[in-house]
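S.K.: Sharing a structure here in structure tokens format.
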Amino acid sequence: MEPWVPQTQGRTTGPSRDTNRGLQSGHYRPRLHSQYSGDKYHQWQDAHKNSKSQQDLRDDHQQSHSVSRSGEWSQPVSGADYLKGSYPSHLYSRSGYGDPYQRYHTPTPRDEYAYGNYYYHGHPQLLPEERVARQGSPYIWHEDHGDQRYFGEHHREKHNGTFGANSDTQFQFTSKNPYRDSPASVSGQEQPGEFFPESEAQKQKPLLTSKSSLLQQHESGLSSSSYELSQYMTAAPEEYEPMVSAAWRPIQADDTSATVPKAPMRFYVPHVSVSFGPGGQLVCVPPNSPADGQTALVEVHSMEVLLNDFEDQEEMRAFPGPLIREDIHKVDIMTFCQQKATQCLKSETPGSRDSALLWQLLVLLCRQNGSMVGSDIAELLMQDCKKLEKYKRQPPVANLINLTDEDWPVLSSGTRDLLTGEIPPNVDTPAQIVEKFTKLLYYGRKKEALEWAMKNHLWGHALFLASKMDPRTYNWVMSGFTSTLALNDPLQTLFQLMSGRIPQAATVCGDKQWGDWRPHLAVILSNQAGDTELYQRAIVSMGDTLAGKGLVEASHFCYLMAHVPFGHYTVKTDHLALVGSSHSQEFMKFATIEAIQRTEIFEYCQMLGRPKSFIPSFQVYKLLYASRLADYGLASQALHYCEAIGAAVLSQEGSSHPVLLAELIKLAEKLKLSDPLVLERRRGDRDLEPDWLVQLRRKHKDLEQNRTGAPRDPDSTPSDIYGAGGTTDTPYPDLSGHQNYSEDSEYSSTLWSTAEQTSLTNPLAQQSFPLQRDTYSGHMGTPVPLYSVPATHLAVTSGASGSSVAVTGTPGGRVGEDMLRTHPAFGENTMTQEPLEDPDGLEVISSLQTPAAPRVPSFSEDSAASAKEDEEGSSDGADKPSHPDASQKGKLGDGKNTKSSGFGWFSWFRSKPASSVSTSGDEDSSDSSDSEESPRASSPHHASPGLSPTPPLTSPSLPGASTFSRGTGGSILQGSSNSSGIAEGMGIGGFSGTQGVSSEFYSQPGALPPPPTLQGAVPLYNPSQVPQLPTASSLNRPNRLAQRRYPTQPC
């Protein structure tokens, strides 16, 4: 019997015009054009130019698909075979899809075509489990693609259907789709929102402009990928028109450069936009398009209603916070705490008993207005300890008398037992024991009486007798008494505490073997007397022990009894940060709602007794609690918390918390309209803030101004301070003008603010002379070279004696290391040169305050004096000043020298800090002592071991000031008849070049050749380059230490 061949319904199958075409997969394939190219697109012949040839090809295609083999079942073809058999007269934007004549849906059941993770849905009547996502399944009925009936239906739909009449409108609408116009379409990415009719029922719908393409896609049940696939399988006869074909023409190479680059859209699929409002609202915007005729909706939901069933919100609603002393009654707080304690006792968890004890403590504190009485706390501790435990006596330990493990021996008298030969013990009555104790005292046997009383437990008689004896005996009797008690007996704890030591219970409590910790704390709290610090340390030790055992609530109970201050979460050494919560765990487990509420109640109890006694470190947790209230939709309560925190911050005048203040203002700014009063006072666009918020803003502004207006760091460079310099008056305007100084005195006072603090105390007014700016501007931070090139940069002329001071310095130093301060005295001409401390730690030694301008010892002389001190010990009589004021100031100068004894990088060069060497205040610079002038006169061209190895120089006189220079060696080189001067080899300078250097530097016979110019480097010390001090220059006392360190070079 022949197999049944499926026939077309109501139509005859015409013969094929071309018999050479072969069948593939149940229907014939059109023949490919000979010019096939696979480079970018499949090139086909343009069949749209000649309408007649295109009609012939359509007829040929119609007849070719009407032929089917008998006995073969028609199967759908794959994408690759479909490409090979595609009709050559049409361009396709995607490869792998068949001829446009075959892109019609059949009313019969079809298969689902898998495309990625999406499916092209076939007949809508099939269930999802019946639609198998496989092509060619033998259990699914398919319709032949080559059926002639569908081509006839195509003509009828073209003339009678509404889709053909409105094709222009449809393509005009879809071309404005933002998803199709996005750059993702260029890259080949699937675009949602493209619509073509899928079935006959959808073809009869009204115009597409009445509904959006996304809504049409949603109703058809197609996803973005399967919907794009359906475009190539849906009947679209309008695509044969030139306008429509151009809309779907692939982008050519010349069109790519002409396209304008567009930013890719963030979301390709419409979604709901959600935002949280500051007042506890949830704002939702559905993806409706008003351009498509849909209503734009904005949904506002209340977070309080949405989260009504959450446990955290219920817990926060039940709490009567914020706890402000004037706004809430303490009965409500006590009721809340009692309810919490009852809940903890019902839970029967390991820490529930201790947690309930904390809540009961808060009830007691609230009842007593925050006062803690030891007896009341002890009563609270002993509520659950109605049955006192029977503490067992410890086993006998080493006896205090014979150091054995035997118990106290009992004297006995009686007849010997005939069987055992032992004398049975005679049980004495209490009267007999006391009588014997008395008889021993009759004969003066105190020690035997004590032993008898201790053996027979007459501890009262023994302790009284021992108290009248020596302390050692009393301690022995006390130790014997306490050893008879159990270790975990609260009496043992009390007696140990009264003995002046930390009880053992404070270090071992919390164990099951030890027993309950509450009786021990109760006996400590109710018997506080004597050393309060000892009791507090014992309670804190007990809390630390309990915390180590994991009993956090119990340890915090002890900390509260010991009045331990609250700490911070980040400081793990603090004892507690929140009541009942350990800050050693992570923050979310630490800052729980219950812990914050407990701590706030404790703060409220303190404020009942002492108003405005806020906990400073707790305010940040209250702000966190207010933020949680706002998150759960309780905006009004959160705003009240902000007001309470603001009152606490404003009450703390001494402390400032800028970060907390800024975050508090931000949260209050968002929640301020939750207050009905603020909302009523609102006028137009102007918001009237509450008074406490205005005060917070003012305080925050003051803090910011204080931070920005703080004094600059002394290490700052002068270039940073030049811009802020000002001009101030100086008591020496003629000197400033005479020396051509810069008048930027604010720079000088700002740069040396630390030097003013370390200067010598002077009751007179202090005024610093400004420096000349261009003298040192190019040498900031340059290392100090070993060779010293004197440069005169400061001259101070004394009006009375005509003397002047010339200060020399080495190049390459920092700016302020040779800075001099003068303290003028009104009515007399007195100059004081104070040591100024450089930011790097170096200090400049200068002379003391004297009526006349005395000589200031240089670093070279200080080194020589240091070497003398090493040799002579403590005898420095020749160098001590004779004037009392100079002596006092010399001591101060010694302290400063000791502070900077290292002298920076050449600290190894000195044996010990040099003491300031100064002359008497009554001496003139021309009338120096013989002890100072004689060695200098004997060696005019030799320098002592010091920082500067250069010979004495002659500093050029500044205009109007006649000076003479005394070099580091000490000899006078040049002078004038009407003036005298002192040149100080400061050893540290901030000036460069050979500015102010005399020409005699290169002409004197004993001078060294000029050193090479060193830029940015510190040369090593070479003793051979430093001329040594001869033995005759040390006041007839050879400086052996200096000779041993630096031997004299042979001539």
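Backbone N, Cα and C atoms are what each Cβ position is placed from, and that goes for glycine too.
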S.K.: In Swiss-Prot, one of 223-245, 775-797, 798-820 is tagged region 'Disordered'. Which stretch would that be?
M.R.: 798-820
S.K.: From the list SER182, SER289, pick out the residue that Swiss-Prot labels phosphoserine.
M.R.: SER182
S.K.: Where Swiss-Prot marks phosphoserine, which residue is it, choosing among SER25, SER70, SER74, SER187?
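M.R.: Record lookup, Swiss-Prot, feature phosphoserine, residue SER70.
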S.K.: From SER51, SER66, SER185, name the one Swiss-Prot lists as phosphoserine.
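M.R.: Swiss-Prot annotates phosphoserine at SER185; the rest carry no such entry.
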S.K.: Which of the listed residues, SER95, SER749, SER866, SER992, has Swiss-Prot annotated as phosphoserine?
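M.R.: Candidates were SER95, SER749, SER866, SER992; Swiss-Prot attaches phosphoserine to SER866.
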S.K.: Of the residues SER210, SER748, SER863, SER977, give the one that Swiss-Prot describes as phosphoserine.
M.R.: SER863
S.K.: Here are some residues: SER64, SER716, SER875, SER915. Which is flagged as phosphoserine in Swiss-Prot?
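M.R.: Annotation hit in Swiss-Prot: SER875.
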